[in-house]
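Working notes for the structure below.
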Amino acid sequence: MAGADSDDSLYPIAVLIDELRNEDVQLRLNSIKKLSTIALALGVERTRTELLPFLTDTIYDEDEVLLALAEQLGNFTMLVGGPEYVHCLLPPLESLATVEETVVRDKAVESLRKISHEHSPVDLEVHFEPLVKRLASGDWFTSRTSACGLFSVCYPRVSSTVKAEIRQHFRTLCSDDTPMVRRAAASKLGEFAKVLELEYVKSDIISLFTALASDEQDSVRLLAVEAGVSIATLLPQEDLETLVMPTLRQAAEDKSWRVRYMVADKFSDLQKAVGPEITKNDLVPAFQNLLKDCEAEVRAAAANKVKEFCENLPEDSRETIIMTHILPCVKELVSDTNQHVKSALASVIMGLSTILGKDNTVEHLLPLFLAQLKDECPEVRLNIISNLDCVNEVIGIRQLSQSLLPAIVELAEDAKWRVRLAIIEYMPLLAGQLGVEFFDEKLNSLCMAWLVDHVYAIREAATCNLMKLVEKFGAEWAQNTIVPKVLGMANDPNYLHRMTTLFCINALSEVCGQEITTKHMLPVVFKMSNDQVANVRFNVAKSLQKIGPVLDSNCLQTEVKPVLEKLASDQDMDVKYFAQEAISVLSLA
């Protein structure tokens, strides 16, 4: 009997080995995904002695299988017997960290970082740190790039002798012959600096940062910029000027646009890291240059940061700096030749009004907003409309309506239907920002005009817009202002407009509620069931099906059912079909 037991326990590993050797990739992938189940069945000891060696020996597979394996092993600690045996997972992960495919290596490094925390300090020095060293001095660049991601997790928990060795290895990798390795080192420089003692940040990291920031490869230099921001947060104020700023200044004027782009992208983080004095003296001129950069990508990245940069300026000189240094550049960007730059600016420019206050907004910013509202690029216009509320808070509704509203009305009547559509989509937002009285006075007629637009997409969007407006302003408002106008269209000679009435009723019934629907809308739907155009009649059947759930059962039985029965015997096939469908959906049969 004992023999049968042991045979039985061998079964899962035998199946796994068969599946892992199967020619079908999908089968191999499935068995890897079931690894934890197999490990549980085997128990911790056999997982350590049989499963892991087997996996370590068979690492030559399709990338997706290896990726799944690298991920699984990161969650294996308990399956090998807990933290004291966690080092057993290192050999297969070490092999995975050296393969050619980047995603597999990255996943193996992620799993190694995860399990490093489960090593005791002793195990870390005995098992983990030697692995990092082996990777760092590997012949292939793949293993050396993987090593870069592991220094920071073991450094804080090892002895000072080992720390010195780790620093030395990192130094070596920062000047590796292969650009990919230097790139990996540059990308981990900031993270490594955070775990180092301050004296070594000054003695080691700064020189590495300076070297990487002037690397011949721009892909290395741009990653050094990000590291520079992290390093700046670690240093005392008095050291920033001498140790970090010269290199960052150089990066902001780098010959490669990618590096300048990275500076622009990280500008707000940099500003917070270096503090107000350096911001005033160094960053303001650098930011001006980035806003005027010859590459559109750099200008767009800088434009995106305009509001954040201005918000974080020191309060005592904020307004002066913006008015004299930043605003002139912003004015130029409003008429930039590149639409991405204009769009990036439009998404943040409205935020300047809260920083600059009412008078400056009216005098300097409103003309810019107007120019952007009339821009030929729809994204620019939409970015302005969607941020109107912060300007409204600063200058008030009257001022806003006199200046910006004519431009919005102009867009609402634009010859290009996509422009009209875009404005409709922003109407509920605009209505919420401007309030009900203002809306009724200025914008209501526009919303009704869209319902009879000659483009179906506009009529459809206008219907949806009405529903959103009623959600904002309430059923009573709908009853007084919207419903009478919608129902009036039921008598329109154009059958398309009559159909729009039905679409509006469908959309409004739920938000207006039972009373308004039964009292005001339903009689109109019934009346339209006698329309001469079959398309209108079958839409009546569809409408009754849609608004049925809002009505009470008595009304359904006594009023809706007879109308649908009449339509169900219509001569037109479509009318019949939709009437019968409505009867069955509403359970009126």
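Cβ from N, Cα, C; glycine included.
Per DSSP, the repeat 'HEAT' (12-50) is made up of 33 helix, 0 strand, 6 coil. Taken from TrEMBL, the feature repeat 'HEAT' applies to 12-50 (among others).
Residues annotated as domain 'Phosphatase 2A Regulatory Subunit A helical' in TrEMBL: 89-270.
In the repeat 'HEAT' (166-204), the DSSP tally of helix, strand and coil residues is 33 helix, 0 strand, 6 coil. The repeat 'HEAT' annotation in TrEMBL covers 166-204 (among others).
Away from its own ends, the repeat 'HEAT' (205-243) comes close to residues 170-171, 174-175, 179, 182-183, 185-187, 189-194, 196, 198, 250-251, 254, 256, 258-259, 261-263, 266, 269-270, 272-275, 277-278 of its chain (Cβ-Cβ under 8 Å, at least six residues beyond either end). Per TrEMBL, repeat 'HEAT' is recorded for 205-243 (among others).
According to TrEMBL, the repeat 'HEAT' annotation covers 244-282 (among others). Confidence over the repeat 'HEAT' (244-282), given as mean pLDDT on the 0 to 100 scale, stands at 81.
According to TrEMBL, the feature repeat 'HEAT' maps to 283-320 (among others).
Look at TrEMBL and you will find 326-364 (among others) tagged as repeat 'HEAT'. Residues of the same chain lying 6 or more positions beyond the ends of the repeat 'HEAT' (326-364) and with a Cβ under 8 Å from any Cβ of it are 284, 287-288, 291-292, 296-297, 299-301, 303-311, 318-319, 371-372, 375, 377, 379-381, 383-384, 387-388, 390-391, 393-395, 399.
Feature annotation from TrEMBL assigns repeat 'HEAT' to 365-403 (among others).
Under the heading repeat 'HEAT', TrEMBL lists 404-442 (among others). Sequence-remote contacts of a segment are chain residues at least 6 beyond its ends whose Cβ falls under 8 Å from one of its Cβ atoms, and for the repeat 'HEAT' (404-442) they are 366, 369-370, 373-374, 378, 381-382, 385-386, 388-389, 391-392, 397, 450, 453, 455, 457-458, 461-462, 465, 468-469, 471-473, 477, 481.
The repeat 'HEAT' annotation in TrEMBL covers 482-520 (among others).
Under DSSP, the residues of the repeat 'HEAT' (521-559) split into helix, strand and coil as follows: 32 helix, 0 strand, 7 coil. According to TrEMBL, the feature repeat 'HEAT' maps to 521-559 (among others).
Counting residue by residue with DSSP, the repeat 'HEAT' (560-589) contains 22 helix, 0 strand, 8 coil. What TrEMBL records for 560-589 (among others) is repeat 'HEAT'.
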Same-chain residue ranges lying at least 6 outside the repeat 'HEAT' (166-204) that approach it to Cβ under 8 Å
129, 132-133, 136-137, 141, 144-149, 151-152, 154-156, 158, 211-212, 215, 217, 219-220, 223-224, 226-231, 234-235, 239, 243
